[in-house]
Amino acid sequence: MIFDKDDFKAYDADLWNAIAKEEERQQNNIELIASENVVSKAVMAAQGSILTNKYAEGYPGRRYYGGTDVVDVVETLAIERAKEIFGAKFANVQPHSGSQANCAAYMSLIEPGDTVMGMDLASGGHLTHGAPVSFSGQTYNFVSYSVDPETELLDFDAILKQAQEVKPKLIVAGASAYSQIIDFSKFREIADAVGAKLMVDMAHIAGLVAAGLHPSPVPYAHITTTTTHKTLRGPRGGLILTNDEELAKKINSAIFPGIQGGPLEHVVAAKAVSFKEVLDPAFKEYAANVIKNSKAMADVFLQDPDFRIISGGTENHLFLVDVTKVVENGKVAQNLLDEVNITLNKNSIPYESLSPFKTSGIRIGAAAITARGFGEEESRKVAELIIKTLKNSENEAVLEEVRSAVKELTDAFLLYED
């Protein structure tokens, strides 16, 4: 270590104390935010390495600065591992985030003002899939598709009909709050039928795709984007994949010099470490357990008539619950659960009647608790504790019982072993 913990604590006690408090919070809370996970110590070590000192504009073998031989090795490791994981011919590991990966993908496929179809935010889409407050909605003419109002599932006949009407240049598939399997082959059929390109944002399900537990979009999408955290269990960052050499060139130019300068090679190194972990057979077991734990929690809610799971269940790492029969809205539920050390987020549901700042639902994810070692029994217990909290929100004695139960679970499954 160049700068050890004792040096850090002595030099900047205020910052040290803040980080220590966050470590304590993560250890003592049950983390159910679907976009969060727990990285390995190896990932943290790589991200905190001396590579943070090095500027490296460009790409391996084509840098604008000298002294890049070593970071070329680092970045090439990340690229080759990403290609191996997803069976892609080309990979760009430099995006600082999933949103920037999406921005670069758009720049590679379409022009400002072009018509694009993306999933409606309330149906499970992401801000960068055309929300008016996002650069995507402000730069391109996005037309949203929604899930079926009855089944709350993707309706490919309706999406095809809509695509034939609006004639998009690009269709964006993928979601941040959709709990069922997505058939990317059908999206490609629709795109081909109307002469559009297909882009898939698999940020939430990338770890499941990597483990072979969700169909891969890579054979069907012209460009696939993802984050490297969430179910991939890596550092916070982005990744872009394609099988098209000409698109790969456009992607590289869109990232640098298009929207980014020097890559964060310490983060690229952390991505490389996490990709090595994904290639380990143990990762497939982890991903399978994520789905099992998600289903175990969902099953508890399905047995309670006061709660409704959107689309009737889950086939991945997350699910949405309509809580409005029990509490006023999703924000109230989120705040109540914060008080008992269970962390999740309020979330809009399809055809939402409340504002995004209140919402009718909550989103529950299993990636982080699975990384800590929770199994199906513990996952069912977590769901029971959520229900107990929301149904007894004014009973302090019951809430204290929940806090004690949460403490038992977090003490039994440490965030990190010493």
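Yeah, the Cβs are placed from backbone N, Cα and C, and that goes for glycine too.
What Swiss-Prot annotates here:
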- LEU121, GLY125, HIS126, LEU127, GLU246, SER355, PRO356, PHE357: (6S)-5,6,7,8-tetrahydrofolate binding site (BINDING)
- LYS230: N6-(pyridoxal phosphate)lysine (MOD_RES)
- HIS229: site 'Plays an important role in substrate specificity' (SITE)
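Annotated features taken from Swiss-Prot, shown on the structure.
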{"residue": "LEU121", "record": "(6S)-5,6,7,8-tetrahydrofolate binding site", "DSSP class": "helix"}
{"residue": "HIS126", "record": "(6S)-5,6,7,8-tetrahydrofolate binding site", "DSSP class": "coil"}
{"residue": "HIS229", "record": "site 'Plays an important role in substrate specificity'", "DSSP class": "coil"}
{"residue": "GLU246", "record": "(6S)-5,6,7,8-tetrahydrofolate binding site", "DSSP class": "helix"}
{"residue": "SER355", "record": "(6S)-5,6,7,8-tetrahydrofolate binding site", "DSSP class": "coil"}
Query: Of these recorded positions, LEU121, GLY125, HIS229, LYS230, GLU246, which scores lowest on Cβ atoms within 10 Å?
result: GLU246
- request: Please work out the number of neighbouring Cβ atoms within 10 Å of the Cβ of LEU127 ((6S)-5,6,7,8-tetrahydrofolate binding site), leaving out its own Cβ.
  value: 16
- request: Measure the Cβ-based neighbour count of HIS126 ((6S)-5,6,7,8-tetrahydrofolate binding site), defined as the other Cβ atoms within 10 Å of its Cβ.
  value: 23
Query: When a 10 Å sphere is centred on the Cβ of PRO356 ((6S)-5,6,7,8-tetrahydrofolate binding site), how many other Cβ atoms does it contain?
result: 15
Task: Please list residues from the chain of PHE357 ((6S)-5,6,7,8-tetrahydrofolate binding site) whose Cβ is under 8 angstroms from its Cβ, counting only those at least six apart in sequence.
output: LYS331
Message: What does the structure give for the C-alpha distance between HIS229 (site 'Plays an important role in substrate specificity') and GLY125 ((6S)-5,6,7,8-tetrahydrofolate binding site)? Integer Å is fine.
response: 18
Task: Please work out the number of neighbouring Cβ atoms within 10 Å of the Cβ of SER355 ((6S)-5,6,7,8-tetrahydrofolate binding site), leaving out its own Cβ.
output: 10
Field: Span of the (6S)-5,6,7,8-tetrahydrofolate site, taken as the largest CA to CA distance across LEU121, GLY125, HIS126, LEU127, GLU246, SER355, PRO356, PHE357 (Å, rounded to a whole number)
entry: 42
